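Engineer: Here's the feature list from TrEMBL:
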ACT_SITE  D88  active site, proton acceptor
ACT_SITE  E264  active site, proton donor
REGION    49-77  region 'Disordered'
SIGNAL    1-23  signal peptide
Amino acid sequence: MLLRSFPLLLAGFSLCFAAALRAEPIPHTTDLSAVDFLPVHPVHPVHPAHNESLPIIESRDKKPKKPKPSKGKDKFPLAIDGNVRVRDPSILKDGDYYYLFGTGPSTPWHRAKKLTGPWEKMGTVLDGPSVIEKKDRKTPWAPHVIKKGDTFYCYYSVSFSGKRDSAIGIATTKKLKKNKHWKDHGALIQTGSGPGSDVPPFDTSNAIDPMVFFDKDDKPRLIYGSFFSGLYQLPLDDDLMSLPNPKKPKAKLLAKSRDKTNIEGPFVNYRKGYYYFWFSHGICCKFDKDFEPKNGPAYSIRVGRSKDIRGPFVDKDGKNLTKGGGHVVYGSNHDKKVLAPGGQGILAEGKEDILYYHYLNKEVGKKYKDGLLGFNRLKYVDGWPEVSDEED
């Protein structure tokens with residue numbers, strides 16, 4: 001009986017399979033209030049670090065299991081209360097709160113009384129798109145937020161995936177209030193097109209991933225760059241919103257890839273006589289079904305150091321960062337439960353430094369929207385930073 005019925009079963013299966021192939025895909029909702037983020041699908045070529053828009057969101061799906069502290073060489077991020085999602089985080093401490101900013105439409109931000117959360121949504125920095133007339137201005141990338149005097153400054157990027165037609169913009173506010181938008185002052189520097197884009201190094205570099213650092217003499221410096229001709233530093237005017245000499249910016253190349261591996265996300269901190277230059281190395285976002293990067297090594301967090309803010313910065317082996325050097329401080333570990341950490345920054349709290357970053361977890365997902373906030377305290381061994389999984 002079973003053998004006689006088999007041809008009929010097979011025919012029925014074939015009809016079902018053919019119908020499935022002809023089926024229309026389920027349409028996406030047009031009710032934008034029903035979604036937490038609006039992905040942007042880039043065209044080729046894809047800039048590996050900023051290829052979709054992503055507001056910081058509290059996930060409504062299943063939360064990842066909190067990992068147990070590691071006893072091995074590679075450390076897990078410290079556990080976060082809740083499930084905050086972020087790319088290119090910038091963290092600022094002011095008063096009783098930590099403030100978290102990230103890549104996304106109009107630059108979303110959160111606050112919490114502890115780094116471990118829970119993080120409260122506070123709105124967006126900008127009231128709509130940036131005033132800078134460049135592509136993808138609705139979704140600024142990689143903000144960096146500082147406070148100087150009584151003013152908060154948000155440095156952000158406007159760009160388009162795979163192109164260097166970019167700008168670094170500035171927004172300011174006097175108070176961090178929920179749903180209060182900041183004043184958008186427009187572009188500080190531009191590359192690819194726009195005023196000043198023909199001045200070296202703006203004629204070859206990429207004006208994204210800004211970071212503003214004050215040296216030991218309290219002089220402000222802009223650190224920026226991604227791919228193309230490398231990562232740069234140049235002096236800022238004391239108003240923090242202009243260059244002292246736009247025609248001759250006195251820019252200094254601090255890091256450059258020599259094997260076509262991507263580098264980006266520069267950050268500088270100072271500790272006990274050394275300036276530390278941090279950057280992300282590799283691919284942040286494009287992974288196959290086995291969570292392997294498609295076009296190069298996965299993101300890792302690297303560093304070099306120098307006694308002089310203008311370099312040269314060298315790694316632990318003495319190799320100059322402009323020659324492809326970079327000491328690996330943190331990378332993928334624990335069978336990809338920590339995957340492609342990067343987009344890093346350093347938060348100084350007294351005598352302690354905290355390394356924060358975004359990362360993926362294969363148990364959560366590999367999409368751009370699956371970026372998680374991670375952080376670890378740092379220990380300096382013989383003058384070189386190492387991550388710790390100590391909570392206090």
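For all residues, glycine too, the Cβ spot is worked out from N, Cα and C.
Just so you know, TrEMBL annotations never went through curation; they're auto-generated.
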Engineer: What is the interatomic distance between the Cα atoms of E264 (active site, proton donor) and D88 (active site, proton acceptor), given in whole Å?
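Structural biologist: Cα to Cα, E264 (active site, proton donor) and D88 (active site, proton acceptor) are separated by 11 Å.
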Engineer: Could you tell me which three-state DSSP class E264 (active site, proton donor) falls into?
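Structural biologist: It is in a strand.
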Engineer: Indicate whether D88 (active site, proton acceptor) is helix, strand or coil by DSSP.
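Structural biologist: For D88 (active site, proton acceptor) - judged by DSSP and reduced to three states - the answer is coil.
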